[in-house]
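Accompanying notes for the structure given below.
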Amino acid sequence: METAQQLDKPSLGNNDAAKDKAINERDAMTQDTPYPDQTVGQPFVDNPKMRLRDVEVFYADNQAIHGVSLDIGKNEVVSLIGPSGCGKSTFLRCLNRMNDTIDICRVKGDLHLEGQDLYDPKLDVVELRARVGMVFQKPNPFPKSIYDNVAYGPRIHGLANKKYDLDEIVENSLRKAGLWDEVKDRLHASGTGLSGGQQQRLCIARTIAVSPEVVLMDEPCSALDPIATAKIEELISELSESYTIAIVTHSMQQAARVSHRTAYFHLGRLVEMNDTETVFTKPEHDLTEAYITGRFG
Amino acid sequence: MSETTEKVRKTLARRYRAEKRFKAFGIGSIGIGLMALVLLFTDIIGKGHSAFFEYEVQLPITFDAEVLDVSDPRDEDELNYGNYQGVIRDALAERFPTVEGRQDTRALNQLVSTGAGYALRDMLREDPSLLGETRTLWLLADDDVDLFLKASEKQREDSRLNTKQQQWVAELEASGETRMVFNQSLFSYGDSREPEQAGILGAILGSLFTMIVTLVLSFPVGVAAAIYLEEFAPKNKFTDFIEVNINNLAAVPSIIFGLLGLAVIIGLFGLPRSVPLVGGIVLTLMTLPTIIISSRAAIKAVPPSIRQAAMGLGASKMQVVLHHVLPLALPGMLTGAIIGMAQALGETAPLLMIGMVAFIVDLPAGPLDAATVLPVQIYLWADSPEQSFEALASAAIMVLLAFLITMNTLAVVLRKRLERRW
Amino acid sequence: MQTGNLLLLLVVMVAGAYFVGLRRSYALARPLGGIRHLHSLPFYFAMRSAMWCAIPALVVLGLWLAFDDSIIRQQVLAGLPAELQPTDASSYNLTLSKIQNVASGALPANFVEAPIAAAAENLQALRQTSAMALTVVIIVLCMFGGAWAWLKVSPQLRARQQVERVLQTLFMLCATVAILTTVGIVLSVLFESIRFFGKVPVTDFLFGLQWSPQTALRADQVASGGAFGAVPLFMGTMLISAIALLVAVPVGLMSAIYLAEYASNRVRTVAKPALEVLAGVPTVVYGFFAALTVAPFIRGMGESIGLDVASESALAAGLVMGIMIIPFVSSLADDVITAVPQAMRDGSLGLGATKSETIKKVIFPAALPGIMGGILLAASRAIGETMIVVMAAGLAANLTANPLEAVTTITVQIVTLLTGDQEFDSAKTLAAFALGLMLFITTLVMNIFALHIVKKYREQYD
Ligand SMILES: Nc1ncnc2c1ncn2[C@@H]1O[C@H](COP(=O)(O)OP(=O)(O)OP(=O)(O)O)[C@@H](O)[C@H]1O
Ligand SMILES: [Mg+2]
């Protein structure tokens, strides 16, 4: 039984003993530790920006999220961590209904943005997404000029009446994204011609150009080198002054550096959520501890 | 509520209207496409279904030896030169005794198809004892009579029959001396100047021979070329050039291939005009790119692991290809070939260039007999002034489409059935 | 011996060579202790023998059949007395067909001049000799080839390598058929065109405004040149193609967008194949539809609102051609649109754009190069399309941009000039090749350009 399971794991070449041990330990862990029925820590805050209760997500018949409840406070950076495939992206995409674009995806539960039910049939997704913007894992600038990329949101939403207003929005957004000085001389060059880090900052500028209230970021740095990552992290910290941010990350250091609170997901369940410091220094749950000490993930 | 939300909200109505409009355009476009399809099919079926039936008139025919000028029905020569029109004329005169005058008699005689005479001859050959007997027989009506009988009350006013003829036919119809039967000649004769005697068998045989030549030439060559390009060809300028050529040939207008056939195959190599062999060669050159491209895709779909497995056992490259890759890729290649053949079957323009438009009555017996093909026959009939040919052309289209649908369904089924999941 | 029988004989001899080769390799293997002591399997020794037997014979046979007729013809004509020697191309053809008819018995010998009858006999005799010689040569080649292969069989012989090399060469030759076809097309249209431009100046052809080749039968008219001005054909082709694209591009594009971005799975599985049926309908059927249904309908419509519409209006041909191209455009557009990465869509939707805004402002611009390539391919289709215009467009070379009038196109003229009775050399038939050259060059340039764009586009998102 045990060996069979090991064989099923894709081995990545070097099968040294340490790794074997880690795998064994992990398997033991996932088998022995019961799933928490209740999230440990403090997932709730007073007067939250987003109030999410009993969220369940299904891909066709496959349940990807099991009854997750948490709050996201105002002007707070919340990071979502957890092993691959545990449903972080899925959960994040519920928050501005990007899951609507996947035909087989169904969402249940109470999701509120300042008292507004996100899944209210009368609610307008366009409006919602203008309030809750999203930055994706891979930088995805449109094949347009830098200027047009940033101006895209304000244009479709009619946020600027005059060219002058639009210019201002573009400049402000690029400044906030820390990209202005690098691109101010080539605003009309293609956005796809920038470096990866610049592209991601462009995407952030594009998102904040709409002045959303919440910004969702799904592993925004995973495609970037350390220097670009550092810049984005700095940017996130700055942005947190005016925006509420939820960020998915695989880097524990990053979570520790940028976020106020951290949520640990495991196989579609929210295991633990608490102040970032608490989670990383005194995790309550064994699974959380195992993950942050790098025993699996 | 934030400023953004307010501004966004103001634009929403307009934006959703635009969204609806855009969607409506999409639905409309698909609607146009589907409507065109429905229109095309209903039009053709509407025009062509009547051609599958034809009218006959009943007449008491006396096989009078004197009128026929046949003394011994076993003598093939005499039989062939018999005056069958004469006995039909007599029978008509008997049926309508009041008709007089040369003009009217001629008009009366035009009611029966000239093809009816051949039917009488064949009857007499079958049964020589008929000579001297009288039989009540159903004879093929002339195409104008046929059209008249098929037409609705209102359409009958535009009939090409004159008023007297219309009266006679109406009389026959009223007394039950006309009947509608399945149009057998459609499937048993070649072309003819007389619509009621014209059939598509000649064209079908022509198409068949042409397709056989095309298949025999294009499939092996196409597969061999695909194997070479996928498995053996070194990556160099020459191979690139071949590839560019294949891609471009796939988009060259088909009529150009006709010019090639005319100038090279007929002009230079001296092959005869109008024959399925030349048609097949031209269509081969035309479908080859399709077959090569689909065969290459089929070869590409064979996973490298199979090649490596065979190679690991010490098989040579050629053995790997012939023993392992080819059998696995064959279903995909076959599907591609069928689709290529369907294309070739519907092709007309290049065949016009190489003279397959001749008026040919005889059924071709092989790929070296002058012949026409189904699409060209449709073209010829569509161009004919006589109205009955329009229905014949539609009927031929229905037959052609039936062949094409069968082939394409076969390709789909084959693909589904033989689809391999690696 | 007849070619068919000869081929049969060849097959028999090749099969013989195969078996002899097989037997010999087994015989060689036995004293050595089994076939594993041979370099290759006996099958390869046998195949090698068969190839040695077949290939030289087949090559000779092919060359012989391709050229013996023209050589014999030349010989026969050379044998004619001086006064009967053909002076130009048309009398050449006439004399030749006379001789051939006499030889085949279609024309009784006493109907023609005595030298012609003699030439016919000569022709018959030469043909017989040629056939005899061919038979002998083939048999000898087969025997020698087979024998040579038989003699060379030895345990060390690398038979498999040799067979495989021959096979691979054969495969390569098959692949070069594509090149040969292109070369054949280029040479055939080029040669005849050059001859045409020898009779009619290129400039007259390219810039002349008058096209009336049917009346240009007399030599002085040919020389006058006015009759071969192809501008009306170019204009007519463009007019009809433009109408077709005006129909096909929006409809095809919007269908593709709707099916790719909006339609539910159920709609897609029905509508997509249904639209593809349009692509499988032969063009002659569209021609029929255009000429007998659409054209009269448009004419009737025009009449009812007091418009004078030609019965072979450009509009009818263009409309139907447009319908034909719809699936072509939509499948190309579908490829291009689905190639735009999902990340693009997500980016736009994540900012709160509606679906149509995303399509219009992000996907469409991103897909534009690919779509342009597709449209270019569709245009080249329209320009080269023949049957619809042959059946539904006119023959009159009007220089007009009015879609309600009749115009003619390049392809229509090629067909009219080359069908029916024709002499191979007249300016009329040569003109068809010159038009073919124009058509080939235009579509080739468009295709290469379009394929290039589409390829570049694909690479961008790979
Ligand atoms: N479009 C989809 N269709 C079906 N199942 C999906 C889809 N997207 C995700 N899933 C499934 O939902 C589960 C959660 O996936 P999700 O992408 O949310 O994980 P994740 O935590 O973001 O992982 P990663 O860290 O690798 O990005 C997985 O089991 C995955 O297979
Ligand atoms: Mg993820």
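The backbone N, Cα and C atoms fix where each Cβ goes, and this holds for glycine too.
Just so you know, TrEMBL annotations are computer predictions that nobody has curated.
The domain 'ABC transmembrane type-1' annotation in TrEMBL covers C:234-450.
Sequence annotations record features per position, and here TrEMBL assigns transmembrane segment to C:6-22 (among others).
Annotation comment: TrEMBL describes C:43-67 (among others) as transmembrane segment.
Under the heading transmembrane segment, TrEMBL lists C:131-150 (among others).
Per TrEMBL, transmembrane segment is recorded for C:170-191 (among others).
According to TrEMBL, the transmembrane segment annotation covers C:238-262 (among others).
Residues annotated as transmembrane segment in TrEMBL: C:274-298 (among others). Sequence-distant contacts of the transmembrane segment (C:274-298) (same chain, six or more residues past either end, CB-CB distance under 8 Å): 255, 309, 311-313, 315-317, 319-321, 323-324, 326-328, 330-331, 385-392.
Annotation source TrEMBL lists transmembrane segment at C:318-341 (among others).
Residues or ranges marked as transmembrane segment by TrEMBL: C:362-383 (among others). If one looks beyond the transmembrane segment (C:362-383) by at least 6 residues along the same chain, the residues whose Cβ comes under 8 Å of a Cβ in the stretch are 237, 240-241, 244-245, 248-249, 252-253, 261, 321, 325, 328-329, 332-333, 335-337, 339-340, 344-345, 347-348, 353, 410, 439, 442-443, 446-447, 449-454, 456-458.
Under 8 Å from some Cβ of the transmembrane segment (C:430-454) lie the Cβ atoms of residues 185-186, 188-193, 195-197, 199-200, 205, 213, 228, 230, 233-234, 332, 336, 369-370, 372-374, 376-377, 379-380, 383-384, 410-411, 413-414, 417-418, all in the same chain and six or more residues away from its ends. Annotation source TrEMBL lists transmembrane segment at C:430-454 (among others).
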Rank C:43-67, C:131-150, C:318-341 by Cβ pairs under 8 Å to the transmembrane segment (C:238-262) and hand me the top one.
C:318-341
Under an 8 Å Cβ to Cβ limit, what residues of the same chain, 6 or more beyond the ends of the transmembrane segment (C:6-22), are close to it?
42-43, 45-50, 52-54, 57-58, 61, 134-135, 138-139, 142-143, 145-146, 149-150, 153
